[in-house]
Amino acid sequence: MDINLIKQYINSSLPNDKESLIQYYGQLKQILNALSDKEQQQLLNNNGKISEQQQLSIENNYKVIGSIEEKMKSIEHLFNNLDVSDSNNNNSTSPVFISLDNQNTVNNNNNNNNNNNNNNNNNNNNNNNSLAPTVILDNNDNKKTAEIILPDHHNNTPQQQPEQQVQQQQVQQQQQVQQQQQQPEQQQQHLTEEQIQKQQQSQASIQQAIANMGEKKRSSSRHSGPPEIPPEEIKFDVKTDLLGGGAYGKVYKATCRGKKVAVKVPKKQTLSESELKSFKNEVEIMKQIFHPNVVLCLGACTKPGKVMIVSELMQTDLEKLIHSSEVEPPPLYERMKMCLDAALGINWLHGICNIIHRDLKLANLMISKDKTVKIGDFGFSQVIKTGTTLSDQKGPKGTALYMAPEVMMKHEFNEKADVYSFGLILYEMATCEELFPEYSEIDPFYDAICNKKLRPPIPDSFPKSLKTLIQKCWDHDPNKRPSFNEVTQRMNEVLTDTAISGLDAAMFWKYNFIKPESESVPWNEFVYKLSSVVNLPTQVLSPLAQLFVSQSYEEEIGGVVTMERFDLMNKWFGNFFNSKYGPAILYEMIELLKKRWFHFDISRDISEKRLRGRPENTFLLRLSANDPIKTPFTISKTKGSKPTHKRVSREDVQINEIKQFPMGYKFTVPLDGNELVFGSITQMVEELHRIGNLSIPCPITEIKVPYLTD
């Protein structure tokens, strides 16, 4: 397990609703159990003898364990008080959480039961999976896929707790609540002042989260397995609400308890005992995961003929977005951001939940309304212990086009199979091309991937960081593939290379700011680094915040510079990192900010609204987004009572022209059939104003001019 990832999770802010907070608590409990088992196993393996490095690792883990226990106990205490208050009003008892001391006993018992039942589950799988694997070749007009499906595809099933044991836990927990209420002063005496302050801060944050949950309290009785939702509460029309479908079944847009949701309906509605276990296991796996890049499972219905999984409603998936014939795909940088979202979600599955997805593909990467990518469809997912492997004895499961060769060859595999799939996803997202269009049969495809080790050709135009990551991910040897923790780190470099086109600018960002979540940097930090590179004081550069700070982040203290905005500045104004021309370019930028006629990067439509009703030759200069390198500026002015627009082109100068053009560029503007050339934008505007082509600088306000159609 990734300790750094766990620390981030522990220090993350609490969910704002009760259901998510309960899931968060359950995730903490799983991490706690896994860490405790890991330390005990390490001591057993070494017969109690450990090295200094192992000792440091164990001490670090115990610190993390302590942090988890402290946060869990605070949540328990507050929820217990909430439940006791409700039970007094309702004459019922329904404790939410089981105390840690009692839970350890329960966990030990459950671990023994799970160990005893593992062999039984494996035997049941072998007995029930008598059907041969099915290969499905889906030859649609838009997409050609091959899926390999087995009826029973889960090895791990959660164990049910006996009712008597749950009742005993509830009694024990109530006793603990009473003791906590009766002896608060004694507990306080054993805490230092710093510990008391820390506990109060933790409880205050949790109280704030609980305050947002609403007055209506849901039933808090504990049960294992997915939450059962009555079928009559899931409402949708099979004709009008269809979102998509595949070999497994169909997905519909629905309403459940007033909330818009997605409902996955399997084709097979009458399930055998083993199939029902598999279905519940899929839901249970989804229920264990709480992460912004994983689709949230809300519950399920297991009633025969009404079998369904209910999850949060997403807008679309990456396959529809990338391969749509009606809409152009997003720019490369945005597509790579989507890949980073997916990598973060998978890293969480591997690092915290020990879950292998096993069916990663564009169709299973969902997109929310805010363009966040989330991992979905856990039909083939399996829980795997760290350092162990799995194997498909009766045939591989998943989608063949994205399937790792070791899985296809029925060899042992681990989480690196997901890494292989991600390599193909990364390639597909970068090229917007379908995978392996030349193959329609499984046998030649198997030979190409497994024996000949063929992979799609990577275009030379790709940034080196992207090419290298793709090649590492789809390496034939699983041991040479990176972990998803490494993938997420490398994706930050890929984002920089795809967001920032200039070599010097990209190197500046990588050297100074590349780190996890490094898509933006505070202005104060940015200008300090820029000052040290271009050898200009921060006081001189400070006005540039008006250009560099992204408008969507202005509300933050000092503002934020995003990679996209930084790249645009480098395209619009040129390479201000150049040792010869850089200072002149930066001073030109600062001078432009003083001019009333400079209107930043407003759109053509806004410029025309500002010019409406103005006198002849009223003008403004704006930055152009159409081609920011070749035609970075546009002059908009009134002519004959109508707005007109002229683009200003820019090109590099020759070595013998440097004295005439100190910024390293020359700017050209058409005028009366001729082309006028200037060494700077300010020089150009001053000359056009002198000869009468431009007159009054346009203010940033608009004049309300009535039209006949108004």
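Positions of Cβ are set from backbone N, Cα and C atoms, glycine also.
Feature annotations, courtesy of Swiss-Prot:
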ACT_SITE  Asp359  active site, proton acceptor
BINDING   Leu243, Gly244, Gly245, Gly246, Ala247, Tyr248, Gly249, Lys250, Val251, Lys264  ATP binding site
COMPBIAS  83-94  compositional bias 'Low complexity'
COMPBIAS  107-129  compositional bias 'Low complexity'
COMPBIAS  197-208  compositional bias 'Low complexity'
DOMAIN    237-495  domain 'Protein kinase'
DOMAIN    597-707  domain 'SH2'
REGION    83-136  region 'Disordered'
REGION    189-232  region 'Disordered'
Give the residue from the binding-site residues Gly245, Gly249 that has the most other Cβ atoms within 10 Å of its Cβ, counting over every protein chain displayed.
Gly249
Students should find that the Cα atoms of Gly249 (ATP binding site) and Asp359 (active site, proton acceptor) sit apart, in Å rounded to an integer, by 15
Please report the three-state DSSP label of Asp359 (active site, proton acceptor).
coil
Least surrounded, by Cβ count within 10 Å, of the binding-site residues Leu243, Val251 is Leu243
Rounded to a whole number of Å, the separation of the Cα atoms of Leu243 (ATP binding site) and the residue listed as 'active site, proton acceptor' comes to 19
State the Cα to Cα distance, in Å, between Val251 (ATP binding site) and the residue listed as 'active site, proton acceptor', rounded to an integer.
17
Roughly how many Å lie between the Cα atoms of the residue listed as 'active site, proton acceptor' and Gly245 (ATP binding site), rounded to a whole value?
15
Pull the DSSP breakdown for the domain 'SH2' (597-707) and write it out as helix, strand, coil residue counts.
21 helix, 37 strand, 53 coil
Around Asp359 (active site, proton acceptor), how many other C-beta atoms are within 10 angstroms of its C-beta?
23
Rounded mean pLDDT for the residues that make up the domain 'Protein kinase' (237-495):
91
